[in-house]
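Here Swiss-Prot flags 195-202, 241-245, 295-298 as GTP binding site, drawing on sequence analysis. If you look up Swiss-Prot, you'll see 50-68, 87-99 marked as compositional bias 'Basic and acidic residues'. Annotation comment: Swiss-Prot describes 69-79 as compositional bias 'Basic residues'. According to Swiss-Prot, the feature domain 'tr-type G' maps to 186-355. If you look up Swiss-Prot, you'll see 220-224 marked as region 'G2', on the strength of similarity to another entry. Feature annotation from Swiss-Prot assigns region 'G3' to 241-244.
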């Protein structure tokens, strides 16, 4: 017998999927979501019943008893709960003692650690997580939001730490405003498009912007502010058009959600790639629904079934394969099935029941920020709740201000922004950080006082010993009981090396500390890796790869340790020594200069000479040299020659050009990166 999906039946009946799920459950038909199926016979019965209910005479007589029944049921549930509570208290002091003995946890933490704290088997937690749609292993890191769900679902006798150590970054200011259910209204969903480089994220966003924004705003000029709104079936969808934006991870570090839905773009000819896995991990960690857009299906070598198979290996089972992950085959270039994809976004949003209260002071998130020469500090704010108005006193992280002007994604000045609306805001005292909470307070004086107090506390914290984990201080932190889990992110040049390294490092776990690999990937160390390390208090291990310029700067700012190696056993040795507290004084590598190869020349009897432009530091004739191609180390050796014009020189500084030859190596190509370095002897302290 054929079947029909709930959302399709809801469409035919002119009802929302949520309403139909409730109706079917009331009738005793077991369905869990809009993707569940019902038999045609059941569908016909439901159609007939609803048509009968729609008759004017019977409408009142049928609906009234339903309400009473619901009230009775609610009453019964409340009575049962009260009775249970009474029974519990009659058992004397036992329950009170249990409540008092609640163990405190400080997310993010591993499944194994949570099981130990809660004193329950690990497999019970894993089973419950699967029920919540989270595919996790023993060493999988779970954030605060998921821990809360587990506490509610499993009635765990644990509580989440609210201590000072948790308040590393400024959070929301607590207010007395409570949102009443009757004040809440449906708001547009906020969507992030994620995926691997060159899989079509930008093309998809451009197509949606061109077609849907142009339709809604005739003659409107689209302005790039980091987010925009599209109109589909007279409903708005907010897109964050900076894929893989650091705000996504910055918000996850505080256990909050920036987006409601993630569209994962996977190329049908390429399949699941390292950044695809990275995106899946981020979306799962943030606990948001994923819609997969299988792009480039118009290509002759497209293999959508291969993509679906690969997705199942990462816990995303397509709905046509019996799972609950929506997969839509599209071609962003040829604008094929874009409307169907957007319909699925609206469908998931409907099931999520996204609501906000527009009649309250606004709260939101900084998506992008910059210092504009003419306008001063400018930030794109995504309003999450309330309505942001011109003249509102605002607080965001360590900055404050007053909304002087607001510009929407069409480049028009507006006076107020409703929930889920992205706006460019002028009036901050300083440039806020991406991912900071934005709040409207009573007056500007209060906002200034809180911002100054936060800044002072941050400066005091920075002066104290930094709590970030490093190999040098690892043994001392283990001894003091400060470390129970060593989180690592591994980046390498090839998959085989990464897997070999992963297996070797996990075996180093001891009774005092568990080695937990939270993410692996092929390619150069980037900002996303540093953000993830910052959020998870992890060390980044690079094998035959180096961090890019932005990642290095971010790591310095976030105090994330990046260790790079050429030999696997050296990584294992260092970790063993760090964990055993036997770190010997070592030679520390110091990068002295970075340059770009802009041309190459073949010189008889000499070999290939690279024409360089020095971008950072200086190139010294006596330093070691490293050649990088696409972030991967290709060769390391000595400098054979260094010239300015025709003269041999000892040193060339930043901003100058020079010619450089590498001892015993000629395969230099235009676009390669050159790093020069020296070794400095440093004494390790614990």
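Glycine too: its Cβ is placed from the backbone N, Cα and C atoms.
DSSP assigns residue 195 (GTP binding site) to a strand in the three-state reduction. Cβ neighbour count for residue 195 (GTP binding site): 27 (other Cβ atoms within 10 Å of its Cβ, all protein chains included).
Residue 297 (GTP binding site) falls outside any helix or strand according to DSSP and counts as coil. All protein chains considered, the CB of residue 201 (GTP binding site) has 25 other CB atoms within 10 Å.
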